[in-house]
Amino acid sequence: MATGFLLFFYCRMMADNDGSLAADASSNEKRPEDLQNCSSDALSPDVKAEGDPEGPSDPDKYRYIKEDLFTSEIYKVEIRNLPKFIGFNDLKKFLAKHSINPHKIKLIGKHTFAFVTFKNEEERDRAHKLVHGMQWKGQVLSVRLAKPKEDPILKKRKQEEGGAGQPASKRAEGDEEELPLSVQIANVVTPLWNFPYEEQLKMKEQEVVGVLQKLAKEIGSTNKAMLPWLFAQKGKHNKMCCPLEAIRPSPTQTEYRNKCEFLISVGADGEDKTIGFRLGKYKGGSCAVVGPFATCHVSAAAKTVVREFQKFIRTTPYSVYSPETYEGHWKQLTVRTTRAKEAMAVVFFNPQKLEEEDLNALKTSMRTFFTEGDGKDSGVTSLYFVRDGQRLVFMVRNLQKQNVGHPKIQLLYQQPDYFFQVNTAAAAVLYSTVGDWAQLDQDSTVLDVCCGTGTIGISLAKRVKKVIGIELCQEAVEDAKVNAKLNGLSNVEFHCGKAEDVFPDILNALVSPSLTAVVDPPRAGLHPKVILAIRRAEHLKRLVYVACNAKAAMTNFIDLCRAPSNRVHGAPFRPVRAMAVDLFPQTMHVEMLLLFERVDYKSQEQT
């Protein structure tokens, strides 16, 4: 991050990501609680709602579909009479086989029916026509139009007004609401804050033990040839598939986050234009936020930025955005900080129908506040203004100390949101362990998959012959190249693209006798095509998997170890060591490292 003050103005592209598919609303598409920008072609709420066996209800709860907004909820069908024991991937593959491209899939109950949404009416109607009456595993499928989700807050409000009898939320049970707001928000964002740190580590280690025990069972089910080895491993390691080394604690347990995302809303204390964390979930009927000033995981530098930004927005005439009415402007503040005492702030603002003149005046006043006004000592060195709900992304850069009559305008396609571990000190522990486990030497080639800004590969580059990084985000790739240059490295190269598209070609072109892969994928894990490419590349003998959600990555682990088949080619891997690294003190989240090595059948037979 540059030391000079930079001001960037963005208009974020809010169109849905192509190919986005999630079990439940994990795409960039906006849900009832946070919708903007799209089709006015709305499905009237006259058919069955998700989770609503009674059918139609108060139309006010569907107000969001009648605005000038987009949501795939208006292009939704319900598929009934599904075969028993099918999962999300089974349904996804079945639809893909018939050239049906859903936007979201949500299986309900015991997976006997599912809600499926589409990006437009044509795709929805085509799926309706094709799938209705189709046979799948002896079951005749039934398809009908489905009503959009009800807006959670409006639904809750109607229940309360009508005395429907449902509790406002689990929080209402007991004395939770009698606790100070500082304690309530600590229980939400740092649920382990009241546990001694040693006890936190034990709880997280037990989570990883459970993952490794489950993996042992799955390997036994999917690769019978490994049973003798697996039997010995389980006997030695408490029913786990490999030894689990002692958890590595975070060097700092408080104020460790280098990035935080704050909502801008009405405070739980009644104060308007409050920046903080949401006290409850929208689907639970809560929009109120509590400031982060008493939380233990947010840095003092970030709290300073929040305090000054809150002071600034309270001087403006613009209200906070309401996900209930879709009115208002201020939405979110993201703050990144560095150990060099620099801070980047990204504010999200819905312009609604404001004139450009008003927006320019707001930008000017913001710039003045943080360069000459009360915010000049806040530590903010770069500031992004995101015009939420727009379809084009522009950047206006104000160059300090240069007399520029008109700001420079460039077309961009991303915002500053590529991934970096939120706990810098613990990330150093993590990356050091990765280097030790990879068993590298000067003849080694490292494949850094989902490399982000190149942190892991760059940290290993001086120990190996070559590092090849693969990353989806173009901006991150450009920064990775800059980082490599700043570190004086000439043996590092980075490729931009989807790992499942780029990785197989790179693997096939490599002839290194000592090839190791390090994968640090998003929460959902690696794409199945990447796993299949890894299995086929028999010259790849060692793989270090960094999992931020080991349970979500379980399918990857199983596919690395399963027996060869018509679909899965190449000798399997097996887990040989594991470790948990605590990157998220005061929470239940933990990072997990797994080292996989390729099974050598010939060596096994000789043994």
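Placed from the backbone N, Cα and C atoms, the Cβ positions cover glycine too.
Note that TrEMBL annotation is computational and uncurated.
Since we're looking at a predicted model, the values are computed, not measured.
Annotation source TrEMBL lists active site at CYS548.
Annotated active site, nucleophile per TrEMBL: CYS548, in sequence order.
Around the Cβ of GLU471 (S-adenosyl-L-methionine binding site), the number of neighbouring Cβ atoms within 10 Å comes to 27. Annotated S-adenosyl-L-methionine binding site per TrEMBL: GLN421, GLU471, ASP520, in sequence order.
Here TrEMBL flags 152-161 as compositional bias 'Basic and acidic residues'.
The annotation region 'Disordered' is assigned in TrEMBL to 22-60 (among others).
For 152-178 (among others), the entry in TrEMBL reads region 'Disordered'.
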**Asked** Across the listed S-adenosyl-L-methionine-binding residues, GLN421, GLU471, ASP520, what is the farthest Cα to Cα distance, given in whole Å?
**Response** 15
**Item:** Cα separation, CYS548 (active site) to ASP520 (S-adenosyl-L-methionine binding site) (Å, whole number)
**Value:** 8
**Asked** Cα of GLU471 (S-adenosyl-L-methionine binding site) to Cα of CYS548 (active site): how many Å, rounded?
**Response** 17
**Item:** Spatial separation of GLN421 (S-adenosyl-L-methionine binding site) from CYS548 (active site) - C-alpha basis, Å
**Value:** 10
